[in-house]
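Trainee: According to TrEMBL:
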type     : residues : note
TRANSMEM : 73-98    : transmembrane segment
TRANSMEM : 110-129  : transmembrane segment
TRANSMEM : 141-159  : transmembrane segment
TRANSMEM : 165-188  : transmembrane segment
TRANSMEM : 209-233  : transmembrane segment
TRANSMEM : 239-259  : transmembrane segment
TRANSMEM : 280-299  : transmembrane segment
TRANSMEM : 319-337  : transmembrane segment
TRANSMEM : 346-365  : transmembrane segment
TRANSMEM : 371-399  : transmembrane segment
TRANSMEM : 411-430  : transmembrane segment
TRANSMEM : 492-510  : transmembrane segment
């Protein structure tokens, strides 16, 4: 039986018994928590008990009689919601605008870096930010620093870029950021126990800055390989440079793994706790689902604009309905968890829905009714909303409670790395397929010389508007090849998701009994 110790209004220590089960399982072991009012930021102690409790009975009357009052709660929540909105908006706004931005700079073949440069930064600093906040305080980090914002970013970025300018997509975030900073400055206080300024030098030794640096450099080198492998950067000198970048990236990532094993700071990835095939499988599932999710998101605007002939604003609006389906999937996941549906089944169902949704996207054609088109895009996002949180819980619950924070940040990091390679891999598949097909088709069906064909390929991969300066017959050939390249990218996305689905099955075969006694 769980015992919660709390302070009543007179300051006396009272006990309150609580019997609960996270999910109905015969092997779940109860955990005892003692919560003290001395330091509300401290981690509760936990111990494993042998008895098994299946009944759900909680006497919450003491808590309902004396609700916890937090000063300025509404303002604090407003500041947090603004930050979540901006993070989601900034993370997806480039999905519907990166072709427009690449068009202006005549570098459509490099437009994926608009997103990957952002993702590299967020991927690396996301796990480090917890350490920064422990040292500098929640308030300072909030001032320095997803669902509704993600919907608006993907949906309305195209409208903003068409009505005003693509720069407005980023400038519009400035007033919201200033408002969030102001609210955070006046109403958010640091947690207890934050060290004074003169101790910062010693405290910064606890942050794995070397690991973060190696991770950024290693990922950047590998993404450069992916980016330039699909371009004309394939002569002898180019291949030598790509090989050097590949070796450099692998060495840097190997050094990162070594640092994570040996560092005395708080590691970005706690390698010593990631022992066993089960943990590796769940992380790999997170990697492939993150890869597939972002690749799918960035394939759709190209599909709408090139295959369906949409404008950037219309292509962005088509993303509104599927994007809204993602938080709905998360809500469904929460409800089913509350109904004691096993996490493993939820994870499998989510990845299965993602796979089916990606298959349906392959069936999109120009004359498809808009309603049918919108409905066919929903399953993938609902599956993502179910699969992402269930993969998190599958990983977190495999560790004791005092390791939940680090295990959460680890899974988010691996999923973000998958998102990075999803965008980079998508660009490589489209560019390499397009170049090869255009060269072959123009060689067979036109009288152009090899130099003329290479010039056409160079122009259409740097700026899609140059396509419409070509003869109609050549336009039809290149548009058909672009369509094929997009379909190959969709197949690449679906393949990654099917791999994750297979790993879900394999995970269930070897599922362990976790430290908390929780079975999936």
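Positions of Cβ are set from backbone N, Cα and C atoms, glycine also.
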Trainee: Mark yes when the transmembrane segment (280-299) and the transmembrane segment (346-365) have three or more Cβ pairs under 8 Å (sequence separation 6 or more) and no when they do not.
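Mentor: Yes, these stretches are in contact.
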Trainee: Report, as numbers and ranges, every residue of the chain located at least six residues beyond the transmembrane segment (280-299) whose Cβ falls under 8 Å of a Cβ in that stretch; write 'none' if there are none.
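Mentor: Here the qualifying positions are 92, 95, 98, 112, 115, 119, 154, 274, 319, 347, 351, 354, 357-358, 361, 380, 384, 387-388, 391-392, 394-395, 398, 410-411, 414-419, 421-423, 425-426, 486, 489-490, 492-494, 496-497, 499-500, 503-504, 506-507, 510.
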Trainee: At a C-beta cut-off of under 8 Å, are there same-chain residues at least 6 beyond the transmembrane segment (371-399) that contact it? List them, or none.
Mentor: 273, 278-279, 282-283, 285-286, 289, 293, 296, 300, 318, 321-334, 337, 343-344, 346-347, 349-358, 360-361, 363-364, 407-408, 410-412, 415, 507, 512, 514-516, 518, 520
